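The following block contains the structure, expressed as C-alpha cells.
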Amino acid sequence: MKVLVPVKRVIDYNVKVRVKADGSGVDLANVKMSMNPFDEIAVEEAIRLKEAGKADEIVAVSIGVKQSQETLRTALAMGADRAILVVAADDVHTDIEPLAVAKILAKIVEEEQPGLVLCGKQAIDNDMNATGQMVSALLGWSQATFASKLDIEGDAATVTREVDGGLQTIKVKMPAIVTVDLRLNEPRYASLPNIMKAKKKPMDEKTAADYGVDVSPRLEVVKTSEPAERAAGIKVGSVDELVAKLKEAGAV
Amino acid sequence: MAVLLLAEVNDGELALDATAKAVAAAKSLGDVTALCVGATAAAAAEAAAKIDGVSKVLCAEDAGLGHRLAEATAALIVSLAGDYEHIVAPATTDAKNILPRVAALLDVMVLTDVSGVVDGATFERPIYAGNAIQTVKSSDATKVISFRTSTFDAAGEQAAAPVETISATENPGLSEWVEDKVAASDRPELTSAGVVVSGGRGVGSEENFAMIEALADKLGAAVGASRAAVDSGFAPNDWQVGQTGKVVAPELYIAIGISGAIQHLAGMKDSKVIVAINKDEEAPIFQVADFGLVADLFDAVPELTEKLG
C-alpha cells in the first residue's frame, strides 16, 4: 500500500507571532519556519506503517511556496521515500486555502492511487482544520478525523478519534483519509545520515496549473489584528488573600 | 436569506448550550432553521424548537445518521443546501468533522471557529492559536461556518417553533461506528461551565489530579487540563483546554500547575476572572491572571478547597 502524506510549511511553533503594523497579516519574513507539528505526526505514522510491513511506499506532498521543498526534505529525512512539491505561490505570506489544496491533493491521489492519505488535523497557522475532510469529500472516500490510534487490517482501518465527549472508535473502508491528532505518536528526529540521504531522494516539482486547479482565494483577508490584551492582574501573598479577593470580585 | 444550523445532538439528546450559542451567533444572518439528526433525534428537535431565534426545526431520524458519522450527515446537509445562504454549527468536534466535508461538496470554503460576525459575508476568526484575529470576507454563494461557542452568549427560550420530519439521504456506507468511550460525570460540561478548575504538568500524576477534582467539586466546576497534563497521561483528552482542545470562557478559571504555553492561553484567556497557582513566579500564566499565587500547589490547593464555600 502506498501512503500519501501532505505536509505544510508553517511558522515554527516556538516563534512568537507578530501582526504586521499595517494589519495586512502576520509577519513571516525572516522567521523560522518548520513542518506543521500535526503533519510530523502524520509522517511518523506513515513510517511506522511501513516499518510494520503495512505500507510499502510513502509519498510526501507540499503545496505552497518553493521553499516548501525544505519541509519535504525533512519528511524525506524522517523516512518518506519520495516527494512532490507543488509550487502555488511566490510570496511566503500567501496562504493557499484548504479548498484549493484539497483539489490539488485529489488530483495527485488520482495519479498516485494511494491506499491511505494521512494528514495533520489542522495547520497551526490558519487553524482551519479542513483540508483532510475536503480531500475526502472530493474523492468520495471515507474519513476518520482526529485520530489517536490507527489500526489497518485488510481493506478497513479501525480508528480511535479524540472527540468532545472522550474517544470514539470507528471502522472505515479503505482507501481512506485519516487526519491525526496529538496523541497518535511522538515523531522521531531525523538522524544526520538520514538527512544526508534525504538529499538524494527524488522530488518532483509541479505547479498548481499542472493540475488545472485555480488557487485564487474565496476568502478575502480584510484585516489582521492583534487580539485584545488582557490587563495584568495582581499577585496575592496567601490562600486567605486569594479567597478574600475572589469574594470581593464576586467570583465565588 | 436563510440559515441552516446543524444542532449538536449526542445520542438523541440536544447539547443545548452549544446549540443555543450558535443560534445566538447566527440570528443576525437570517431566519434560522435548526437541523437535528441522529438514530433518534425527535426529543432533540423538540428542545431545539424552543431556542429563541429558531423559526423551524428539521428532524431526520435514521440508523445511518447515528453516532455522528461525517459522510451520511454531510450528504444530508448538502441535499438541503440549496435553500440556504448560510450553513452553520457550533464549533464542536462533530461540526469540525462534518462542515469542511459539506463545504467541499458545495465547492465553497469553510470558515471554522468564527468568533465574530461583521456582516452576512464578513467574519472574524482567530488564527495562530489566537495570537491574531483575521477578518475575512467570503465571495462564495454559500457560507459554511462553525461558531466558536465561547464568544457568544446562549440564546434564550421561546414558544416552540414548528418541527418538520425529513428523510435521510442514502447512506454512502463508508464508515461504521464501533464504540464510544465517554466518561460518565456529574460535573458540568467543560465548555458551558461557569467555573473551570484546570491542572497542568505541575500536578505530577493522575492520582494527584484528585486534588484538582476535589476543588472543582467544591466549586461545582468542570475539570480541565493542559496539553502537557493530557500528554503525560494525568488526564483524559476530553479535558484538554487550548488551541487544539476545548476553548472555554467561564466566569472563573483556576489554573493550577500550568505554565501558560501560548496554545493553552488560546483556550482560556477570554475567561472573566483568571486565577493562577504556580510555584514558578516567572510562569507566563501570571501575565494573564487577575489573581496570581506563587505557591506550592500541594499546599495551596487543599487549603483553598477547605477555605472556599
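Using N, Cα and C of the backbone, Cβ positions are placed for all residues, glycine too.
When I checked TrEMBL for this same protein, it listed these features:
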type    : residues                                            : note
DOMAIN  : B:3-181                                             : domain 'Electron transfer flavoprotein alpha/beta-subunit N-terminal'
BINDING : B:Arg201, B:226-227, B:240-244, B:257-264, B:Asn278 : FAD binding site
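Quick one: where do these features end up spatially?
Averaged across the domain 'Electron transfer flavoprotein alpha/beta-subunit N-terminal' (B:3-181), pLDDT in this predicted model comes to 96.
Neighbour density for B:Ile258 (FAD binding site): within 10 A of its CB lie 31 other CB atoms from the protein chains shown.
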So which of these binding-site residues, B:Ile258, B:Ala261, B:His264, get their C-beta under 8 angstroms from chain A?
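Cβ contacts with A: none found.
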Note down the number of other Cβ atoms within 10 Å of the Cβ of B:Gln240 (FAD binding site), including every protein chain shown.
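A count of 27.
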Output, ordered by sequence, the same-chain residues six or more apart from B:Ala261 (FAD binding site) with a CB under 8 Å from its CB, or 'none'.
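Once residues fewer than 6 apart are set aside, B:Ala261 (FAD binding site) is near B:Ser226, B:Arg227, B:Ala228, B:Gly242, B:Pro284.
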What same-chain residues, at least 6 away in sequence, bring their CB to under 8 Å of the CB of B:His264 (FAD binding site)?
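In sequence order, B:Gly200, B:Ser226, B:Arg227, B:Val241, B:Gly242, B:Gln243, B:Ile258, B:Ile285 meet the Cβ cut-off.
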Out of B:Arg201, B:Gln243, give me whichever of these binding-site residues has the highest number of other Cβ atoms within 10 Å.
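Result for the most crowded candidate: B:Gln243.
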